[in-house]
Amino acid sequence: MPTPHEAEKQHTGPEEADRPPSMSSHDVAPPAAPSRNPCCLCWCCCCSCSWNQERRRAWQASRENKLQPLPSCDTCAPPSPEEVQSWAQSFDKLMHSPVGRSVFRAFLRTEYSEENMLFWLACEELKAEANQHVVDEKARLIYEDYVSILSPKEVSLDSRVREGINRKMQEPSAHTFDDAQLQIYTLMHRDSYPRFLSSPAYRTLLLRGAPQSSSEA
């Protein structure tokens, strides 16, 4: 004759009898120790921890000295008619001419795409820097000003290039933005440059053989 314990086991069924008592969500595992927000360990400005707040204040305070806008070319020697004509022969010639860049930048401003030129110039400045500490700071400023989706001056980059930048920003170098700089250079070449050559501003320069007078922001 089965004992009361065996009878109870037969009544409930072997599976239910052998099953361990259920555990609530609080009993599954002890609460994990609070961990530091992984965002706080990276270079970005997306979290509000005190470290990032201090870094952001430092970046904003140093921006005026670190990334100066393109100097005005009011003091540049006026280009000869031949130089102005050479800008139509090659986008490279336009971009290698200081006054040419100034005129082209003024044109980009009318198309609300001046950030493309500013980003390209900032990358050129970064590549010329040898001090690693300064490279690190300038790279972060460039990211914040031209790559971050929160920036009003964000440039148009595809996902592949953005992912590459995000990886390289863990250890910034003078060439962190090389792929992005090339993409923006190509964009200006294919998109804005043909319209610049057809613009009244450039046609006026061809006729006068003098640089366009424009104030730099």
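The backbone N, Cα and C atoms fix where each Cβ goes, and this holds for glycine too.
Remember, TrEMBL labels are computer predictions, not curated facts.
As given in TrEMBL:
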type: COMPBIAS; residues: 1-19; note: compositional bias 'Basic and acidic residues'
type: REGION; residues: 1-29; note: region 'Disordered'
type: DOMAIN; residues: 90-206; note: domain 'RGS'
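When the domain 'RGS' (90-206) is classified with DSSP, helix, strand and coil residues number 85 helix, 0 strand, 32 coil. For the domain 'RGS' (90-206), the model's pLDDT averages out at 96.
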